[in-house]
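Visitor: Submitted below is the structure of interest, expressed as structure tokens.
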Amino acid sequence: MPLLTSSLFNMVPLFSLLLFSLMIRYSTSQDPPSPGYYPSSKISPVSFGEGFRNLWGPQHQKLDQDSLTIWLDSYSGSGFKSLHSYRSGYFGAAIKLQPGYTAGVITSLYLSNNQDYPGHHDEIDIEFLGTTPDKPYVLQTNVYIRGSGDGNIIGREMRIHLWFDPTQDFHNYAILWEPSEIIFLVDDVPIRRYPRKSDATFPSREMYVYGSIWDASSWATEGGKYKADYNYQPFFGRYKNFKIQGCTTEASTSCQPPSPSPPGYGSLSPQQLSAMQWVQNNYLVYDYCHDPGRDHTLTPEC
């Protein structure tokens, strides 16, 4: 029997085995513990036209009943931008990613003021780093402050794998930007908290909300090992259930963004912190603060 089993496995193409192992990874994944509070349920969705407009690649963008599809091919990618800039708030969307070979391709939802402060901008990122069929997507969160994303880049990256297959269905991803902290959420589960430890390490200038799909072959997949392969084009990113609630640049200074937690908590509740810790214990891929190759004098918040 062992010889027969070995022969059978030798007949299976390596690609199929790798794909099978990926399927097993997702099928045996556990859901995180309940966070006990669901910020997205407190915020009503907005239509794409109410909150956003096309920024670039209009011929690579299709809107169908407030479900937006953007795509990348060898000709162009595409991006969109919010109608207003914000000083704080909740910014989210349900996103579905493309399966198969997507190495080198980034699908994103982020805040930025790079058009207002070129060369000296702030940014808060959710980026899905494309992959090869045998490996899961990487979700990267990042924060840039006052030009740390320009020139000599000083990133504050954290990367995780997800406890589900993000190509099979839509899932909700959000950035909750408060004056005192930034919370990144996946299906209302906090995956990262970036506190304001000093003015120098926290973005405070107004930003717009963006989404895009683009070719980042030089670094996106395993440091640029795998590039975008346009034999697999087009690469799609699908968005719906847009949610924006925050303090616009024009709003009164008394404006307050939505709370990340139940009443009575200044920040995340113990139950939310427990859920976040579970994600980081089980799915964390990279944390810039724990990278021995980084110069941590440039990231004093670590």
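Here the Cβ of each residue, glycine as well, is placed from N, Cα and C on the backbone.
Because TrEMBL annotations are produced automatically, they should be read as predictions rather than curated entries.
According to TrEMBL, the protein has these features:
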- Glu123: active site, nucleophile (ACT_SITE)
- Glu127: active site, proton donor (ACT_SITE)
- 39-239: domain 'GH16' (DOMAIN)
- 1-29: signal peptide (SIGNAL)
Visitor: State the mean pLDDT for the domain 'GH16' (39-239).
Guide: 96
Visitor: What are the sequence-distant neighbours of the residue listed as 'active site, proton donor', meaning same chain, six or more residues apart, C-beta distance under 8 angstroms?
Guide: Ile106, Thr107, Ser108, Tyr110, Leu139, Gln140, Thr141, Asn142
Visitor: Give the number of CB atoms, excluding that of the residue listed as 'active site, nucleophile' itself, located within 10 Å of its CB.
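Guide: Step by step: centre on the Cβ of the residue listed as 'active site, nucleophile', count other Cβ atoms within 10 Å, giving 20.
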